[in-house]
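Visitor: What TrEMBL lists as ATP binding site is Gly163, Glu164, Ser165, Gly166, Ala167, Gly168, Lys169, Thr170. The coiled coil annotation in TrEMBL covers 912-1095, 1320-1402. Annotation source TrEMBL lists compositional bias 'Polar residues' at 1113-1127. Annotation source TrEMBL lists compositional bias 'Basic and acidic residues' at 1132-1142. As annotated by TrEMBL, domain 'Myosin N-terminal SH3-like' applies to 8-60. Taken from TrEMBL, the feature domain 'Myosin motor' covers 69-760. Summarising the annotation, TrEMBL assigns domain 'Dilute' to 1497-1720. The feature region 'Actin-binding' is assigned by TrEMBL to 640-662. Here TrEMBL flags 1102-1145, 1161-1196 as region 'Disordered'.
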Amino acid sequence: LSAVDIEPGFARVWIPDAEEVWKSAELTKNYKHGDSTLHLTLEDGLDIEHKLDDKTKNLPHLRNPDILVGENDLTALSYLHEPAVLHNLKVRFTDSKLIYTYCGIVLVAINPYENLPIYGSDIINAYSGQNMGDMDPHIFAVAEEAYKQMARDERNQSIIVSGESGAGKTVSAKYAMRYFATVSGAATEANVEEKVLASNPIMEAIGNAKTTRNDNSSRFGKYIEIGFDKRYRIIGANMRTYLLEKSRVVFQADEERNYHIFYQLCASSHLPEFKNLKLGSADDFHCTNQGRNPVIDGVDDAKEMCTTQHAFSLLGINELNQKGLFQVLAAILHLGNVEIKDRDSDSSIIPANNRHLTVFCELMGVTYQDMSHWLCHKKLKTAQETYIKPIPRLQASNARDALAKHIYAKVFNWIVDHVNKSLRATVKQHSFIGVLDIYGFETFEINSFEQFCINYANEKLQQQFNMHVFKLEQEEYLKEQIPWTLIDFYDNQPCINLIEAKMGVLDLLDEECKMPKGSDDSWAQKLYNTHLKTCSLFEKPRMSNKAFIIQHFADKVQYQCDGFLEKNKDTVNEEQINVLKASKLDLLVELFQDGEKVTSPTGTAPGGRTRLSVKPKEIRPGASSKEHKKTVGCQFRNSLAMLMETLNATTPHYVRCIKPNDLKFPFTFDPKRAVQQLRACGVLETIRISAAGFPSRWTYQEFFSRYRVLMKQKDVLSDRRLTCRNVLEKLVQDQDKYQFGKTKIFFRAGQVAYLEKLRADKLRKACVRIQKTIRCWLVRKKYLRKKHAAITIQRYTRGHQARCLVKYMRQTLAAITIQKFQRMCVQRKLYLQKQAAALVMQTILRAYMARQKYQGLLRNHKAVFIQKHVRGWLARQRYKRSLRAIVYLQCCIRRMKAKKELKKLKIEARSVEHFKKLNVGMENKIMQLQRKLDEQAKDNRVTSERLNCLETSHAVESEKLKVEVSKLKGIEEEAKNNANRVTSLLEELERLRKELTTTQKEKKTIEDWATKYRDEMEKMVAELKQQNGLLKTDKDDLNRMIKEQSQQMTEKMTRALAEETQQLESDLNEERSRYQNLLTEHLRLEERYDDLKEEITLSVSVPKPGHRRTDSTHSSNGSECTYNSEFAESEESSRHGEDVTRGMDTSLTLKLQKRVTELEQEKSSLRNELENKEEQFQRARDDEEHKKSRGAELEYESLKRQELDSENKKLKHDLTAMRQSLLGNAGAGAGAPGSPPYKVLMDQLNSSCEELEVRKEEVLILRSQLVSQKEAMQHKETMTEPVHYAEDVHKMKDSGAITQAYLGLKETNRLLEGQMQQQRRSYDNEVEVLRGELQSVKEENNRQQQLLAQNLQLPPEARIEASLQHEITRLTNENLDLMEQLEKQDKTIRKLKKQLKVFSKKIGEMGAGQVETISPGQMVEETVRPVNIPRREKDFQGMLEYKKEDELKLVKNLILELKPRGVAVNLIPGLPAYILFMCLRHADYVNDDQKVRTLLTSTINSIKKILKKRGDDFETVSFWLSNTCRFLHCLKQYSGDESFMKHNTPKQNDHCLSNFDLAEYRQVLSDLAIQIYQQLIKCMENILQPMIVSGMLEHETIQGVSGVKPTGLRKRTSSIADEGTYTLETILRQLSAFHSTMCQHGTDPELIKQVRVRVCVCVCVHVSDPVCVHTRLRDRCETPQLLMDTKIIYPVTFPFNPSSLALETIQIPGSLNLAFLTRV
């Protein structure tokens, strides 16, 4: 964050907070460089000052804009830092109830502590086959991505799930495996996916337990490999486990439980099959009752036991083995209840006939004497002898617990091995997906060996995670080809070296374990001596010599050295193992058959927090004893190395589980707990790596769409990338803040927020400007109306009020004089009486109140004095009694505690451990006492500060009271003064009351007069409303009649037009179909004719070996140009030609020639007929437009009638106003009859009446016209052919002079109306133009004034620069206007030139005396000399020049020898067509008609030749169909016809053909395209025909044919079908290949659609599917047959599709060998 980024009122920042971690605040004062504090306002409105760090001066983090809040990917945030990540997760979790969020490649999953309906089968199907970013974040999306990458990249995958206990790791791993089992299915009938899912309840029963953080916490780590075959279906699985917490078997903390399997056995003890286990309630066993809470809410252990047994059976573990397992587990419970007693201080004993030990021996099949003996003894071996030594009770109890843990570890490993055997694949595994469910980073108040191993594993995983994230970031930059620098990220390799390197922590621990007298203290000293001065990550605590601190990637952790050696050795009494090996229980013998002497369960003191172990490796028979004596740390390091090797060989996917709160409340977010886990799980490191580079990424189109408002019109170019580059260079000056990739723009952190701010400011200013203008216009309009109305009202009101005022003044003048003296006398008497009474009352009342106040003060003072002494005496008595009682109780309690402590000290004084604990206790007590002293000093300071504050406040309050007393004295003096003023005010009040009475009387008189005037006006208004209502009724009747007539006429005309249009379209389709059929027949005959001609030539000439060239003088369009064809001859072909020649008859040739001539004539007749149909269609369209124009005339007449009504209303309004003015002036006598004003008004009234009569006559005329039009239209509907309206009038019965007069009047009215409309339109246009010019002049004037004002404020240098800039802008605008005018003139010149050519051509034809029809392959010689138009010189005009002799080479390289595949893949679509057209443009430019004709003829013949030669190749036919259509579109687009130039750019309009009209050649190319299309359809049918029937028979929708497919089959491409068989997938692949080939060739989308429809019809016909055939035959009416003719040819159309590609930008590649072409 820089100082530039902070602006007051807009910048929102994050500041640290002790409770919420981060708080949002807004800047209220501008920040300047060097300020030490920021002035902020919190969201709750509290203003604070935030002090910056004196050393770093770092500013707080900025908040992201609101548009980015709630993003589903944290890396999409503009500002990437810890508060932004925490806030985004909180908003999604608490507000949106979304538990999943992406963080780059990491999925962050927050435990909702609530069952959510987002894991069903429908959700799995929704995510199946989708890309990772297409849908909301989900564990299924990660699983789908892993599955997809495994199938696509042929690489193994891993899903790493980590997090704290209770964060939901096991559930996430379970859902991922469920997803794989659902979407992939099994490769065999063994239901492997069910077995994979069935392993979950077994592992949860033996490996999960209830903890204070989680009711179903996994107490081991596991890595499950799910195997897949080549079709990516599940074939098996394998499980590896890590660090089982064996200490939980013998010890549980409060509110925790042992493993679930023990409670399931106890809950099922009443069942018959478990009677022999002699179990009971879980509270009866020491191993299950230590947590004092054996029940989990909502869990039925008996039902869970049934689920576990079912899972055992499903995985192939028989009932005998299950029974043996349950016996061993029950024996462990009984072993925990075996009580060992002291025999003496150095030995122990188990009482005889111990019930639990007896049951243990019975269940395990061992002897009671051996087990009871070796539980209390151990064997010591020396070099010469062996000793049996008794052990004390404490060691015996530890040995018993170690045995129980060891047995459980063996059972756990046995179950894991059998689960793996059951899930092992029977076929070869092709690939696998691994799911790693492992513990997260842990730190507690006391951390021991288990936390050390866990954090070591997390260090390794974090290193692999950092490297993978950095690698993906680097690949993204390389893929987009942007420069990148090495990103600095946290490398925890030094921490890993500290742990696992030579002389590291583990190495020194193993070395100390080998020492005979090794201890935790000596090991700690070795650590201090080795690493304290050499490694910065290793520290020593200040107050302890038995602990060390390691700086991990997440946090510093202090480890206590006590117990490290014992947990690392992890030994069990060998003789106890030998007793178990001699068991009669086969399963127990199988558990211990490896014969190891020293095993690896953990045996630790019961007081530890967690005790973990590693699954031991299987020992090979014959291995040395040294090999299986590896320590726990060594085994864990080896297994971890193997895990990392596996993960590095796969593509990892990360799921980080977050625990939102410790109370397990649903959807409750604790920021402190969340931020601890985010720091520990590596999410923030991912954010930091992303923020170090370019975290925000936008595609060019997204950036253009979002920030289009920041661009000016001139900045917008056709190239989006160039546009974005230009805009960004203007908006962001520092180019290091962004980079341009191939498809995206990369932004540094904070740049998107900056652009959003610019966008918001721009939109805000635009909105303000729009609102300002509109509000100004509305208010001004409203103001003018109100002003006009107010002036009118004021004029009349003021006159009336002036007259009334004069009258009122005359009347009141005399009354005031009389009232003045009378009121004065009355009021003075009243005042004197009231004054005397008030003075008496005030005197009595004030005296009474003073006496009452004095007595009250006296009583209060005496009562307070008495209460003070009584309460003091009572408090002293109570304190003395309490003090005596407390001292007595303390003496008693201390005496009792001292006695107990003395006894305890006497007992413990004998042991050495006492002194150690005493020292530890003393240190702790010293620290506690020091802490208490500090707290007391702190409390004293706080108390003194409070006393000072109270003293200060007391002084301030006393000052305030003094000020109030002085104020009250001043108020008392003011009250005395105010009492004197009351008398004068009362006199004034009496006088005003009298005036009010007089005013009320006068007001009543005025109101009576106003009521009478209002009644008269209402009567007059009622009469006018009645007349207006009659006129409105007439108007509504006329409107309704006109509307009904127009609606009926419109409906009839629309219906007739639709029918006629449909008929014309059907006729047009039939003609097009017939025409294309004839073209096909013509093509076939042409091919036959060519074959016969070649055969005749072969029969006549004697063949010679080698190559010959023969001239072909025939082409499909009768061209005069010849083309040389080359072919090879052999003896076999010559013999065949001789045989054909012998059977050839010359009459056959003549018949064929005659047939060709007839076909040509039929073709021309069909063409003429097609043109006639198109003319009829155009005529029908013109009739429709005429009807629409007639409807417009009717609407105009209706509008005119409405205008007349409005004018009539206006006249009546004027009449009413004049009458009112006459009535108003009647009193003054000015409007009396005979007076001049009266005469003027009467004249105006008469003229208005005459005008009203004229208008009524016009209304009657309009009515008569409507009636006559209605009759005429009815008569017109009855006629068979359309005739003119005037003929209908002449055919009426009343023909005569009236009809002629009526028609004349009607025509005159129409003429006048037309002239009036024209004049009105011209007037309106002129007014609009003048208004526009006036507005532009005003705007220009305002702009000039603003610029002038701005320039005057600038300094002289800046003023000169601004004036120059303004002048440049003005000249640029004028230049653009001149360029537009020049383009319009060029366009007019081209149009005139084309007309000149047409006229010259007609003149030449008339001079020759005959009109020659130009055949498709021939052009008319023009005698008119072409007009040379000067051209603007440009670098490249989009033309290619070639020599006449290079024409054959051009056709050969571009058509005959061109390979479509290379062109379609490497070059732009339609490149040959563009090159040919550019050559044609140059021939047109130089006005060479011969060159144009020969180029077009050679092109058409060459295309036909290549199609004849390679007509069976789909790619060739599709390629030339695309290029032929593109060549045809180019001829249309650049023809100069207005209908084809609508979508052209000005540059493309400049490239139009200028000399020749190639309309006939366009028809020839259209025919050629139709032939190629039919050949393409034929080629596709030949390819698809052998596939269709067999493929459809293999399809599963045909009843009785298909087999049953396994459910859950994924919609992915599996292995290729067997050769020789066709399936539906084969047909679909072939159709996809057709579609992709045509798209590569650049075929028009509309043409591809027609091809697709035609192919679908072909497939339906061959399959004879009734539904499909019925759909196709629905509109066919020729024959009622069901089957369709597969040889039928459907008409095809080629809609015009202009190209946006500029010709001057086309580059000719060297691979086409067209170096002889020259760019012009």
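Here the Cβ of each residue, glycine as well, is placed from N, Cα and C on the backbone.
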Visitor: Highest CB neighbour count within 10 A among the binding-site residues Ser165, Thr170?
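Guide: The residue with the densest Cβ neighbourhood is Thr170.
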Visitor: Give me the non-local Cβ neighbours of Gly163 (ATP binding site): same chain, 6+ apart in sequence, Cβ-Cβ under 8 Å, ordered along the sequence.
Guide: Ala109, Lys169, Gly440, Arg656, Cys657, Ile658, Lys659, Gln677, Cys681
Visitor: Beyond the listed site residues Gly163, Glu164, Ser165, Gly166, Ala167, Gly168, Lys169, Thr170, identify every same-chain residue whose Cβ lies within 8 Å of the center of their Cβ atoms for the ATP site.
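Guide: Close Cβ neighbours, site residues excluded: Asn111, Asn214, Ser217, Gly440, Cys657, Lys659.
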Visitor: Across the domain 'Myosin N-terminal SH3-like' (8-60), what are the DSSP residue counts per state (helix, strand, coil)?
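Guide: The domain 'Myosin N-terminal SH3-like' (8-60) comes out at 0 helix, 24 strand, 29 coil.
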Visitor: Which residue, out of the binding-site residues Gly166, Gly168, shows the minimum number of other Cβ atoms inside 10 Å of its Cβ in this structure?
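Guide: Lowest Cβ count within 10 Å among the binding-site residues (Gly166, Gly168) is Gly166.
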Visitor: With DSSP helix as H/G/I and strand as E/B, how many residues of the region 'Actin-binding' (640-662) fall in helix, strand and coil?
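Guide: Residue counts for the region 'Actin-binding' (640-662) by secondary structure: 9 helix, 8 strand, 6 coil.
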Visitor: Excluding near sequence neighbours, so keeping only residues 6 or more apart in the same chain, what lies with its CB under 8 A of Ala167 (ATP binding site)?
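Guide: Result: Ala109, Asn111, Gly440, Cys657, Ile658, Lys659, Gln677.
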Visitor: When you measure from the Cβ of Glu164 (ATP binding site), which residues in the chain that are at least 6 apart have a Cβ under 8 Å away?
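Guide: Counting only residues 6 or more apart in sequence, the Cβ neighbours of Glu164 (ATP binding site) under 8 Å are Arg213, Gly440, Glu442, Cys657, Lys659, Gln677.
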Visitor: Looking only at Cβ atoms, how many others are within 10 Å of the one on Lys169 (ATP binding site)?
Guide: 27
